[in-house]
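> The structure that follows is given in the form of structure tokens.
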Amino acid sequence: MTIIVTGAAGFIGSNIVKALNQRGITDIVAVDNLSKGEKFKNLAECEIAHYLDKHEFIRQVREHILPYQNIEAVFHQGACSDTMNHDGLYMMDNNYQYTLDLLDWCQDERIPFLYASSAAVYGKGEIFREERELEKPLNVYGYSKFLFDQVLRRRMKEGLTAQVVGFRYFNVYGQHEQHKGRMASVAFHHFHQYREHGYVNLFGSNDGYGNGEQTRDFVSVEDVAKVNLYFFDHPELSGIYNLGTGRSQQFNELAAATVNACRAAEGKPEMSLKELVEEELIRYIPFPDALKGKYQSFTQADITKLREAGYKEEFFDVKSGVDRYVKWMLENLA
């Protein structure tokens, strides 16, 4: 049985491939666009059966000529995730139409289809629950994800031939994101700031939040891969699900976890947030004027629906997840 993973050389895709490998599954077709060649490193530690360029894959899907038999599932992680890319033509073709073509093909062939949606569909909302009235995307990236989620909702009412699951990822961090540049997680950037400068910067107070007190639902990519595989194991489940921890934690906590993990590797003792600030290992910079009124100061996934679907595993909190991530970066990137 063959499994297809799109975006397989990317951040989440490569972690799904790795998680499948840990189950002994290697009959995997990895689909990606390696024009950014350094992404190959994410697959170098994985076992796959074949690599297929994204454009050739799309052509074969659209012409219904993919040569693989007994495809067990498609994990669709291939998309433009740059929220600052405002090229609507590219975004809608790459994120919406590509995903729609894959959905149609999977439904025709009765193949389970698990795809990456995004918490960006909620825009600046304060309630993050999988309900249409709460969804107000602020950019074309969020809209591309939102629009496809609406397609799934309509298809579910009409009746599906095979499982379809969309995961609304919140703030994902973890190994294999180094190719993402400015779009990499805050944990990644804090690690490199601390290693280069000996301190990390956080935004100061804004919008009623104190220094570094803005919060996010930070979720480890290890947990993201686990949830994907849980639904792979349960093909009777379809729908749209938030994929976060259900906790909202401060950037202060993330910065402290990163700095303390780096300090531990240096044989230095853990310090409290107060001590880290006093020693200027965490510093605050004025909140940028350009972001005022546009910045989301709070996110927290409502994971009620995920729990109701039977997923019972506990998620890493920031301290434990970042500690694991920093150890990986010290071994692989430092």
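Using the three backbone atoms N, Cα and C, a Cβ is placed for every residue, glycine included.
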> Would you identify which residue of Y90, Y96, Y98, Y295 Swiss-Prot lists as part of the substrate site it also attributes to N171, R182, H189, F203, G204, S205, N206, R216?
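Record check against Swiss-Prot: substrate site with N171, R182, H189, F203, G204, S205, N206, R216, extra candidate from Y90, Y96, Y98, Y295 is Y295.
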> In sequence order, which residues at least six apart in the same chain have a CB under 8 Å from the CB of N171 (substrate binding site)?
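Once residues fewer than 6 apart are set aside, N171 (substrate binding site) is near A119, S185, V186, R216, D217, F218, V219, G244, T299.
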> Can you grab the distance from Y141 (active site, proton acceptor) over to N206 (substrate binding site)? Cα atoms, rounded to a whole Å.
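Here the two Cα atoms lie 25 Å apart.
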> By a simple count, how many Cβ atoms lie within 10 Å of the Cβ of G204 (substrate binding site), its own Cβ left out?
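Step by step: centre on the Cβ of G204 (substrate binding site), count other Cβ atoms within 10 Å, giving 17.
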> For the recorded positions listed here, K39, K145, K180, H189, which shows the highest count of neighbouring CB atoms within 10 A?
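Of K39, K145, K180, H189, the one with the most crowded Cβ is K145.
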> In Å, rounded, how far does the Cα of K145 (NADP(+) binding site) sit from the Cα of K180 (active site, proton acceptor)?
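Spelling it out, the Cα of K145 (NADP(+) binding site) and the Cα of K180 (active site, proton acceptor) are 19 Å apart.
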> Whole-number answer please: how many Å between the C-alpha atoms of Q77 (NADP(+) binding site) and N206 (substrate binding site)?
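Roughly 34 Å, rounded to the nearest whole number.
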> Let's check the environment of D32 (NADP(+) binding site): how many other CB atoms sit within 10 Å of its CB?
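Total other Cβ atoms inside 10 Å, all chains included: 25.
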